[in-house]
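Below: the structure, in structure tokens.
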Amino acid sequence: MNTFSQVWVFSDTPSRLPELMNGAQALANQINTFVLNDADGAQAIQLGANHVWKLNGKPDDRMIEDYASVMADTIRQHGADGLVLLPNTRRGKLLAAKLGYRLKAAVSNDASTVSVQDGKATVKHMVYGGLAIGEERIATPYAVLTISSGTFDAAQPDASRTGETHTVEWQAPAVAITRTATQARQSNSVDLDKARLVVSVGRGIGSKENIALAEQLCKAIGAELACSRPVAENEKWMEHERYVGISNLMLKPELYLAVGISGQIQHMVGANASQTIFAINKDKNAPIFQYADYGIVGDAVKILPALTAALAR
């Protein structure tokens, strides 16, 4: 048996749902999708869900992951085994841990490939900071996986599909975190994993102000702007949602233009599936040139304006 009888899908990020649903179609005979509202439920059915389970009744001061208890109860009530697919977001991983505990299931994070043999999941993912690929065969009846972006192609919606809709009512967990306040933050409104062209900056750009040079290039060629982890996490020059690497975005654009990025393996794991890699770096020995199809050795601050002017003609 090379499929599970049932798969359960949930995504806290709507843009990740289509790829999770495509993976679900390949891995199981029946697809169940947990959603938070009617609109997401309708989308899930169009993407292939046989059953939609609307999570309902959570108080405003409670967290989405506190649905884990009723989600686990629902999963157990409808089968003695099954596969759970979640995005590898922070909330996805937290929910995976809670579901794994309640289902007595093995949990595997950041899966890059998933296959099923004899009713058991085999998962591959990066280990040792991207230096190797680890393979795990999950023996527990339930398997809970968080999936890296780009592992599956996105499912295409079909408005003619039909499915059944159910409601799962909120039950307060015995121990919970209560939200006392919220603070809005600037976040990435662009789905970088869908971008055809990406310009990505590293610390070699020199300063936060110099990122404007990369933004001008993006505008000239219709690209989206990304960055390396140090730019987002250490320097705080750009939003967390824009950094490319093993622990965040895994991209497959037609063109990845790396500006001032050294090319460490942890970053390149997220970029080396690009069709073409173009690198700009003043260090001729930078590892990025081992991955690049094309490269320029020089100061990005001088090269970017000239490149933008040439491509804008």
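Every residue, even glycine, has its Cβ placed from backbone N, Cα and C.
Note that the structure is predicted; figures quoted are calculated from it, not measured.
What Swiss-Prot annotates here:
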BINDING   255-283  FAD binding site
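Classification of His267 (FAD binding site) by DSSP places it within a helix. The Cβ of Leu255 (FAD binding site) lies under 8 Å from the Cβ of Arg196, Leu197, Val198, Ala223, Ser274, Gln275, Thr276, Ile277, Phe278, each on the same chain and at least six residues away in sequence. For the binding-site residues Val259, Ala279, the largest tally of other C-beta atoms within 10 A is found at Val259. In the three-state DSSP reading, Gln275 (FAD binding site) counts as coil.
Over all protein chains present, the Cβ of His267 (FAD binding site) has 27 other Cβ atoms lying within 10 Å.
Counting only residues at least six positions away in the same chain, the Cβ atoms of Ser262, Val297 sit under 8 Å from the Cβ of Asp283 (FAD binding site).
Mapped onto three states, the DSSP output places Asp283 (FAD binding site) in coil. Leu255 (FAD binding site) falls within a strand segment according to DSSP.
Just so you know, the Cβ of Gly263 (FAD binding site) picks up 22 other Cβ atoms within 10 Å once every protein chain is counted. Set side by side, the binding-site residues Ala271, Gln275 differ in how many other CB atoms lie within 10 angstroms of their CB, and the most is found at Ala271.
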